[in-house]
Amino acid sequence: MYMKDLDSQLERQWQKKLQKKREDEARQKELEEKEKQKKRQEKKAEKERRRREHEVRREQEILAQSGDTSDEDINREREKQKYNGSHKAGKRGKGKKGGSCVKLVLFSFLALIIALLVAIDFHCNASQRDQLCITYWHPARSQVLAAWTQSKIFLTNFYHRHIEKLFF
């Protein structure tokens with residue numbers, strides 16, 4: 001009788017432990033689910049914010065291109081966009097400015113190189129007796145023009161052989 005009582009008491013303790021363990025696991029799953037839901041909502045809110053910013057920028061571009069709006073309307077839209085952007089700005093907003101700076105620097109560098117090449121070409125065409133132009137620039141220029149002509153011929157032939165068939 002004593003053993004039966006002891007056995008039933010141990011069984012009840014074991015059931016209580018098991019029940020507590022199940023409740024803890026259920027609470028943990030609920031917390032994890034809430035965290036996942038919170039992350040989903042944050043992502044959704046961020047996506048919605050970016051979409052709104054894109055729409056505002058798009059409207060600004062359309063207004064600026066149409067020319068029928070005043071500077072006051074454009075400034076109001078910019079201020080609205082700044083407020084929305086700075087109100088919930090995260091780390092991503094800071095990175096976009098750096099990317100456009102890099103693009104601007106690379107574009108400026110490319111424009112400088114092109115301007116330099118044009119200046120050299122004008123100089124060498126104007127002074128036919130310059131030894132550096134005769135030695136280096138004229139051969140390089142003729143090779144570039146030949147390569148340009150060859151690539152135009154290649155692209156024309158490629159178009160006629162492959163692309164034109166798709167449309168006609």
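Just so you know, glycine gets a Cβ as well, placed from its N, Cα and C.
Automated prediction, rather than curation, is the source of TrEMBL annotations.
Quick look at what TrEMBL lists:
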- 1-14: compositional bias 'Basic and acidic residues' (COMPBIAS)
- 1-98: region 'Disordered' (REGION)
- 21-36: compositional bias 'Basic and acidic residues' (COMPBIAS)
- 43-61: compositional bias 'Basic and acidic residues' (COMPBIAS)
- 73-82: compositional bias 'Basic and acidic residues' (COMPBIAS)
- 88-97: compositional bias 'Basic residues' (COMPBIAS)
- 101-120: transmembrane segment (TRANSMEM)
Taking DSSP states H, G and I as helix and E and B as strand, how many residues of the compositional bias 'Basic and acidic residues' (43-61) are helix, strand and coil? 19 helix, 0 strand, 0 coil
Within the compositional bias 'Basic and acidic residues' (21-36), count helix residues (DSSP H, G, I), strand residues (E, B) and coil residues, in that order. 16 helix, 0 strand, 0 coil
Is it possible to list how many residues within the compositional bias 'Basic and acidic residues' (1-14) are helical, extended or coil according to DSSP? 13 helix, 0 strand, 1 coil
